[in-house]
Structure formats: C-alpha cells, structure tokens
Amino acid sequence: MTSTQRTLMVMAGGTGGHVFPGLAVAHRMQAQGWRVVWLGNPAGMEATLVPRHGIPMEYVHFGGLRGKGLATKFALPFNLLRACAQSLRALRRVKPDVVLGMGGYITFPAGLVTVLTGRPLVLHEQNSIAGLTNKVLAKLAKRVLVAFPGALPNAEWTGNPIRTELARTEPPQARYAARSGKLRLLVVGGSLGAAALNEVVPRALALLAPDERPQVVHQAGAKHIDTLKENYEAAGLSCGSDVALVPFIDDMASAYANADLVICRSGAMTVAEIAAVGVAALFVPFPHAVDDHQTTNAEFLAEQGAAVLVQQRDLSAELLADWLRGQSRDSLAAMAERSRSLAKPDATDEVARVCAAVAGANLEGKQ
C-alpha cells in the first residue's frame, strides 16, 4: 500500500445477495486505485469466493440468532464480545478510511466497533425490508443506502450494485422487435433448484398446444437436474431444440437478454438484474424468506406493471398455462420496457462514490 492509497473495508457475508453486490463495489474501488480488504466469516461462502477475486480477508466469528436454540441465545453475549474484539483487531490492522456494510451477521459487531472507534460507516440494504442489523446500524452510520425506496428511513435510493455486463445489454425495445417465432422462456431455479418451479412449469407447458409452447431454457442446479429431466419426461416433453435443461448458467446477462420472459424467485439481486437488463418476469417469491422480503421485492416491479407476482401457494400448472396463452411478444416487451425504466444501472458507481466521498475523496468516471 502506498502512503497516499486509500483503503475500503467491505463487511458482507452469508449469502450471495450480500456478497455479490459487495464484490461489484470492491472491484469498482480497486479500479480507482483503492486498496480493498474484506471482513467476513471463515465459515461463510465469502471465505471461498472473495479470495478468488484477489481480495484479502479478515475474519470474524459470529452467527445469527433467528431460529436458533436456547444454547445459542445464552451464548450470545460471549459470542458478541468475541466478535467485537476480533473486529477491533481487524480494524486496527487494516486501518480503513471507510467501512462499507453490505449485510450478513458479522456486520453487526463489526459495524458497532467501526462507529465506536470513530471510523466512517456506510450501510447498504439490498432488500425491500431491512434486516434487524441494518435497522440498528442505520442510526449510527454516516450514510445509509437502499436498493428499494423506503426500506430504511432517511436513506438514499441507489439501487443494488450489479455486474457491469448486466447494465450494458441492448435496450428491450430493440431486442424484442428483432425477434419472431416462438416465445423464449427462461426458468431460473438457482442453486437450490426451486422445486415448485421444477414441478409446475413442465406440467404447465404440457397443457399448451405445440404451436403455443415457448422455447424453454430451464436452470435447476446440479443436484436437481435429473429430477427436472424426469419431470419434463413425465409431462411428455423431451429435451431437444425447444427444451434445454441446464444445471448452471455462466453468462446470466446473455441468458436474460435472450429471453422474452423469465420465471424465477424474487431475491433482491434477481429483481435488480432483471430490471437492469429489461426483461419481462413472472416472480414466484420463496415463501419462507425472512420477513417475506421476496414478496415485497417483487412488488416493487409488479405494482408498476413491470412484472407479474404469483405466490407459490397459488401457482398451478393450469394457472400458469392460462396466463402464458394470454401473452404475446408485444405484451412482454411492454413489461420489459417498464422494468428497464425502474432500474438503477449505475448503482455500483453510486455506492462507490458515496464511499469515496465519506473518506474525503472523489471517484472518477463511470464503469
């Protein structure tokens, strides 16, 4: 580190919804010559993922309380004190000019210590309903940023930081106008597979006449791909030119851009990516998400006619088939354009600029 180089510490962990937007900001700051160090849990996904991106890590041991047993709750004071001590040592080693909290359990003790030691804290809340940690820390932070308007009081609406390629796709009007023939459907189950989608979508497609049936790319996660294939075969649909079943999609920007319609869950990052690309979506929120935040995430687009929201309890093959029959490429294009109009494609730059400003620096240019 040079004597004039500034340092950002990113605190994030636990799930991709916290880690990936943090990585987007980290890379933006590195491109501006900043040193970036990550604070995470050695047992979290960040411990494996972040070092692959060339970002050094500091570790704090701290887990959540929600849904845990009495033993965990009784041990909370000790675990919190230990995590605060580990956070203090990490902050003293790294000496960050600004600390960015992107969520995850470790953000609570590390955020408290950041404020108590006089370092500037910037918070970013990815979901439409803020978690308890950010609700507390928002009262102490220098700047509070949100992906969805109204998620936290007196916060700045920046949107969710996303990968650069997602924000650079061709506008939906041009993409949809250039297509003809069958509709293109992308079903995204994620790494967990989204069993409800894997079961209902094949049966819904089987209810459509062959000339009504869209071309399908269905992603289901490696552990679920065999079951998914069985579901399609049971519905009388075989893999071929119109049905592609895949365990993973490397290039989500192209996958979204090539689709007329996406059927998927409504995690914060998924909603942000779909809006950034501008593609029609039918959201089926994960029913067991904390505070049912996936429903309110989806409502942000659905209430503006930029997506359709169907609760999992209401989803059936018959309902989905009937809805698909009523769609055209023009109707989906209109939905996609409304979605794009609600996007915050410069969110990564905005969050990075705030971090730089809090540290008394400027950020040059855009991604």
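Cβ atoms are placed via backbone N, Cα and C, with glycine included.
These numbers come from a predicted model, not from an experiment.
Here is what Swiss-Prot says about this protein:
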- THR15, GLY16, GLY17, ASN127, ARG163, SER191, ILE249, GLN294: UDP-N-acetyl-alpha-D-glucosamine binding site (BINDING)
* Any idea what DSSP makes of ARG163 (UDP-N-acetyl-alpha-D-glucosamine binding site), helix, strand or coil? -> coil
* For GLY17 (UDP-N-acetyl-alpha-D-glucosamine binding site), what residues in its own chain, 6 or more apart in sequence, show a Cβ-Cβ distance under 8 Å? -> GLY103, GLN126, ASN127, GLY267, ALA268, MET269
* Asked: What same-chain residues, at least 6 away in sequence, bring their CB to under 8 Å of the CB of THR15 (UDP-N-acetyl-alpha-D-glucosamine binding site)?
  -> MET45, GLY104
* Asked: Tell me, how many other CB atoms lie within 10 A of the CB of GLY16 (UDP-N-acetyl-alpha-D-glucosamine binding site), whichever protein chain they belong to?
  -> 15
* Quick one: among the binding-site residues ARG163, GLN294, which has the most Cβ atoms sitting within 10 Å of its own Cβ? => GLN294
* Structure fact -> Row ASN127 (UDP-N-acetyl-alpha-D-glucosamine binding site), column other C-beta within 10 angstroms, all chains, value 26
* Asked: For ILE249 (UDP-N-acetyl-alpha-D-glucosamine binding site), what residues in its own chain, 6 or more apart in sequence, show a Cβ-Cβ distance under 8 Å?
  -> VAL188, VAL217, GLN219, ALA255
